[in-house]
């Protein structure tokens, strides 16, 4: 099928904390929706059957709970397919944004997914009802090609979004299409957690995901395109990921991903939006995911004298590293119950320092979640203290086999090359209780090769 995602440079309110009238909120959002309209048309001309827009693309961010209120639409929750906002605008008040999106879908005969702020009045008798008498949600909406509202999803894992509430239970949101079956839907930070993302995919056997996001890149392990691809690979799904484009905030990185191929956009240099349109195969349920453990053998060669280990901070976590010296070798580094192993061979010895790092613990900065990671990374400079820094360019071509005795089945294989481009492993998967990732000759210099494990039970 042909899919489109749009990385949008949103027109932002100059003073998001200021209180404004609904009318001026609609005026600002209208300017973003004008751009959306042009992009839906452009995507339609290229044969797209579905288009996805980013999180916060219409209203922006940095609001307070009260300053965002004029920007919120009323969105009836789980009104699946029974309401067509474009054709029945009179059914509910304060639905101007929803109406415009519905009309874009209808006019271009295209499925459309977008993100907006929504409001829901609540009764004083509801013990969870906020003092102002309403719930405010970060909401995704999906429309059919005839403009019908098919599904809504209220973001569950909020990322410092004080203007919004968390829904009482996680929403499991998905909708059906004639061209690729069911699509699941979740937002940004959700991708790192079991609820609802992983549970949704497993429970409903989903193979296609739409994913609005407003993601701040964090190298070496959590750049947007890097993690989006790893997620598609780990769960054997297609992901249509639309990010916001604000390089000054470190926000870029969208794509259309299959488990073995990607069409991506990552651009920290220039401004303006970007439309990606690509044809991808429909994944049928017959595929095996990388989460199933398969029997096999690990060769435990005699360990040579390992180089000295050292500590350095990476992604706000205290990693234990060993330097990757010389043209080839075998390394091992352990922390808690996790041991990481590396066999490597460099094509040419360059003056770049690489290190093999391990972390097995609770990550506590900008969210709390348990990580098990084995990571081969290029360091920022030549001293140990630079390992774990954000690096975007590399020249070293390294053949490697990386493996670890991971305690969780949820392993996201990361493979990032110079200039924030993606590469694909030759082999990956389980043998006994080890997860393996191997690659001969990356397409360009290696930035990161990592096994990023999420041990959800220990969050």
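Glycine residues also receive a Cβ, built from the backbone N, Cα and C atoms like all the rest.
Just so you know, TrEMBL annotations are computer predictions that nobody has curated.
Bear in mind that the values here come from a model prediction, so they are computed numbers and not experimental data.
Database features, via TrEMBL:
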{"type": "ACT_SITE", "residues": "55", "note": "active site, proton acceptor"}
{"type": "ACT_SITE", "residues": "155", "note": "active site, proton donor"}
{"type": "ACT_SITE", "residues": "188", "note": "active site, nucleophile"}
{"type": "DOMAIN", "residues": "15-282", "note": "domain 'CN hydrolase'"}
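Sequence-distant neighbours of the residue listed as 'active site, proton acceptor' (same chain, 6+ apart, CB under 8 A from its CB) are 115, 138, 155, 187, 188, 212, 213, 214, 244. Each residue in the domain 'CN hydrolase' (15-282) has a pLDDT score, and their mean in this model is 97. All chains included, 26 other C-beta atoms sit within 10 angstroms of the C-beta of the residue listed as 'active site, proton donor'.
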